[in-house]
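Enquirer: Please read through the structure below; I'll follow up with questions.
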Ligand SMILES: Nc1ccn([C@@H]2O[C@H](COP(=O)(O)OP(=O)(O)OP(=O)(O)O)[C@@H](O)[C@H]2O)c(=O)n1
Ligand SMILES: C[C@](O)(CO)[C@H](O)COP(=O)(O)O
C-alpha cells in the first residue's frame, strides 16, 4: 500500500487540498435547518469553518461537499474560493465523493487531502497548521485528537415499569465497567491524508461494506499508521442542542483574543 516514506519525503512540497464535509442533516441537533447552516456570530457554521481553514498558509481554496438538495451553500459568501461536490448517505461516502472531485483536478497521489467537519468551526488556526505539518512527515496521514479527560464507562439497560418521566422508554442505564482511558483519544478534524492512500482505504471500506465514522478508521483496518496530533479542547463538534451555547461561548472568547 502506498509508496515508501522516502518517496513522500523526497517529493517537492505536496499541495494540500482542503474539503469541508457539509452534507449531513444534523438530526441529533434537531434544528429546522441542517446544523451547518446554524448562525453563530452572524455567520453560518459552514462559513466560519471555511474562514478557519482560510487562515492557514497551506490552504487557498476549499471543496464543499453538500447534499444534493442543498439550496443554501451557493447563496453564501466565503473567505476563500470554493467549489462543490455532492455528498453521500454516510459521512465517509461524502468524503469519498470529495476525494473523487479532488482527484479529477489532477492532484498527485502524494498530495495531501484535508477533511474537516463543517460542524467544527472553532478549530484553532494553529491546530490546522500543526496537523498539516505532521502529515507532511508521514507516509499516510495525521489527525487532530484530544486525550480522553473523563472517566469512561460501559453501561447496561434495565427495563422498569414505573411512570417516572426520567425513565425514557421505561428503561434505565446502569454503570457496567470503567474503561482504562490511558490510551484513549477523542478524534477530531481536520484529518489529513495522502490522496492515493485515502482513495485506496475508502475503496476497501466500500468493498467490505464497513461502517466508519472517521477516515482514520479506514487506515486502522489496514494497520496503516496515522499520527495523532494533540488538538485543542475548544475544537468541539456541534452535535446536540446543548453544544450551541458552549460553541458560541468558545467562538466569542476566541474572537476576543488578540
Ligand atoms: N452523509 C453525511 C453525514 C455527515 N456529513 C458531515 O460530517 C460532519 C460531521 O458529521 P455529524 O456531526 O454526524 O453531522 P450530521 O450527520 O449532520 O449529524 P447527525 O448524525 O446528528 O444527523 C458534519 O459537518 C456533516 O455535515 C456529511 O458531509 N455527509
Ligand atoms: C469525524 C469526527 O468528527 C471525529 O470525531 C466524527 O466522527 C464525525 O461525527 P459523527 O457523528 O461520528 O459522524
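Cβ coordinates come from backbone N, Cα and C, glycine included.
Quick paste from TrEMBL:
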type: SITE; residues: 28; note: site 'Transition state stabilizer'
type: SITE; residues: 35; note: site 'Transition state stabilizer'
type: SITE; residues: 181; note: site 'Positions MEP for the nucleophilic attack'
type: SITE; residues: 237; note: site 'Positions MEP for the nucleophilic attack'
Enquirer: With H, G and I counted as helix, E and B as strand and the rest as coil, say where DSSP puts residue 28 (site 'Transition state stabilizer').
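Expert: Where residue 28 (site 'Transition state stabilizer') sits, the three-state DSSP reduction gives coil.
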Enquirer: Under 8 Å Cβ-Cβ from residue 35 (site 'Transition state stabilizer'), six or more apart in the same chain: what's there?
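Expert: The answer is 24, 26, 29, 45, 119, 238.
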Enquirer: Just checking: which of the recorded sites 28, 181, 237 have a C-beta under 6 Å from ligand 2?
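Expert: Correct list: 237.
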Enquirer: Using a 10 Å radius around each Cβ and counting other Cβ atoms from all shown chains, which of the recorded sites 28, 181, 237 yields the largest count?
Expert: 237
Enquirer: Using Cα coordinates, what distance in whole Å links residue 181 (site 'Positions MEP for the nucleophilic attack') and residue 28 (site 'Transition state stabilizer')?
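Expert: Computed Cα spacing between residue 181 (site 'Positions MEP for the nucleophilic attack') and residue 28 (site 'Transition state stabilizer') is 26 Å.
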Enquirer: How big is the Cα-to-Cα gap, in Å, between residue 28 (site 'Transition state stabilizer') and residue 237 (site 'Positions MEP for the nucleophilic attack')?
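Expert: The Cα atom of residue 28 (site 'Transition state stabilizer') is 12 Å away from the Cα atom of residue 237 (site 'Positions MEP for the nucleophilic attack').
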